[in-house]
Every structure is written in structure tokens, then in C-alpha cells.
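Swiss-Prot annotations:
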- Cys99, His141, His145: Fe cation binding site (BINDING)
- Glu142: active site (ACT_SITE)
Amino acid sequence: MAIRLILEAPDPRLRTISTPVEAVDDELRALIADMFETMYDAPGIGLAAIQVGVPKRVLVIDLQEEEDAEGKPIRHPRVFINPELFDPSEEQSVYNEGCLSVPEQYAEVERPAVIHARWLDEQGAKHEERLEGLLATCLQHEMDHLEGILFIDHLSRLKREMVMKKLEKARRARKAA
């Protein structure tokens, strides 16, 4: 396992449309292990393969919503290979979203509150599930990455430009430090 470099906006590779996974094999499982290690290290709750420079339709999510007796997050890692969404609800929900590729920037994004999804796991098993709440939002956010879309693309032009200016200012400050 290895921690990989997370691409940051405005890196043009983030705009790449990811291709379907042809085979669930040990090479893919190694990528998935690296993705989890990278996501936990960042820290984050979701990561798409394109964010580490691999244009494949793979993403990992772990909401880590529970804690153990010592206050450490309880991990519930989930792998989504070639995910598909269908039958989104008309009802919308709004979450204050962030992104490891747009570090330290957050904005409210409206998405369907309930979705249905189908995908393969890291063993190649098929799954289909109704998702809601933060998991539904996170899956939609990560699936946007597979299409070359960032959460800031859901914002008005003015808000998007403000986020990008803040991002560039923070990047310059990190380099100067």
C-alpha cells in the first residue's frame, strides 16, 4: 500500500472522463488499497481513482460516522467499481461539500436526496442499493469525478471563481511556508 499524490484543481487531468474497469484483479485491488490509504491520510470520506491520476471508474467511500470507546473513527470502507445511478428522487438535499482535490474549500451543493445505485465490489460481486443521506451525496459527488466534474461546477460562476481564487491563494501560502 502507498499514499498517492492527490491531484488538485485546476489540474486538467481532473476533467478526464474515466473509463470502465474491464477486470477486477489484484492490480485493481492494489489501487483500491492505495486509494483507501490516501483517503484516510488526507483525511477524507471519499476518493475517485482519477483524483490519484488513474482514469478508471473506481471510487472508495468511508463516512466514518461512528467512533469506538476511545473516540477513534470506526471504519466502514466501501468500494464502488463501475457504479451507475438510477431513479433519483425529485426531493433534493443540500450538503456543505468539500473535496480533496479542492482542499479547504466548501460550498453548499443541492443533489437528489435518494438515489438507487448498482456497482461491483473489489471481489467483482454485483450490488444494488437504495441510498440516502450523506452516503447518497458522497456517492454522487465521487461519481461526478468519473465524468470530469468537480463539486464547484455545481456553483454559480461567481462562487466558483471565488473558490478558485481562495484555492490559489492557499496554494501560494503553502509554497511560501
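Using N, Cα and C of the backbone, Cβ positions are placed for all residues, glycine too.
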Env. residues of Fe cation site, Cβ within 8 Å of mean position of Cys99, His141, His145 Cβ: Gly46, Ala48, Gln51, Glu97, Leu100, Ser101, Glu142, Asp144, Ile149, Leu150, Phe151
DSSP three-state assignment (helix, strand or coil) for the residue listed as 'active site': helix
Set of same-chain residues at least 6 away whose C-beta sits under 8 angstroms from Glu142 (active site): Gly46, Leu47, Ala48, Leu59, Ile61, Phe80
